């Protein structure tokens, strides 16, 4: 005989199951809609990013509450108010000011669990003082594709509408350079190329400085642009590629990381890589002998994509908020220098 005190009747079991199902459905609905038990939508928290010192500027720009909304990032607040250190969700430090000691790390006690972000868009060759920053930073914001917050100098995005016509060409190759040092590989390669083809040089080093818009207009009249980076490092592809060449409407002749790094961010037929040639003479012969049909193929990407630049530090810092939910908690860069030099 069944003991009624130990086992509920079938009807009671059914009622209990229905009640539990209703409760679970309600909880699931609250979770999906972000609603509080009272029915009102649960407020979404705003992420506050404290910029400890603004890059390259003694006076930071205006940072209204909707700054990041302009870049498609909601519920993100940028501030330079250091009194908010204790309550900031993350604090970001631009390395150049730490390197030159124009700025220092906070003297106040670091809030427990607060992530600190190391930010730099410079190459390792122009970065010093990382050794004293062991165990300080949790996240990295840089051009490196393996950064916690990856911020490229530019990227290709789907184009809406037809591409603008290609600018008329009157010259073969151009180069804009401000820092001209004989020991740099780019200077050595330029001098070798100049023995075999004409390269028109602009910029401070040539005594012909150009404003940003002037640069684009000047380069647009050339078939090729020497997108030579000042140093060769992993993923270091700067505005020399994105703005000075692709945006201007010239085919970039690139000197920088290996071809694979460029192919990770642009079509393989959108640029000429110097490493594909055994000598400067071979490269010069390739450029000077290219017919119009072959040349036009280097612009096939323009039918599908447009260039978007990321040059505004406000947008770069807003990217921290965009990545914030996915960023690794508890991570510490014990050897930031070793990571960055790799």
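Just so it is clear, glycine is given a Cβ too, placed from its N, Cα and C backbone atoms.
As the structure is a computational prediction, the values presented were derived from the model and not from experiment.
Annotated by Swiss-Prot as transmembrane segment, the relevant range among 12-31, 32-51 is 12-31. The Cβ of residue 321 (disulfide bond) lies under 8 Å from the Cβ of 47, 49, 68, 73, 75, 76, each of these being in the same chain and 6 or more residues away along the sequence.
Of all the recorded positions in the record (211, 214, 291, 318), the one with the smallest CA separation from residue 81 (N-linked glycosylation site) is 318. In this view, the densest Cβ surroundings among the disulfide-bonded residues 214, 318 belong to 318, judged by other Cβ atoms lying within 10 Å. For residue 291 (N-linked glycosylation site), the nearest neighbour among the disulfide-bonded residues 211, 214, 318, judged by Cα separation, is 214. All protein chains included, residue 211 (disulfide bond) registers 9 other Cβ atoms within 10 Å of its own Cβ.
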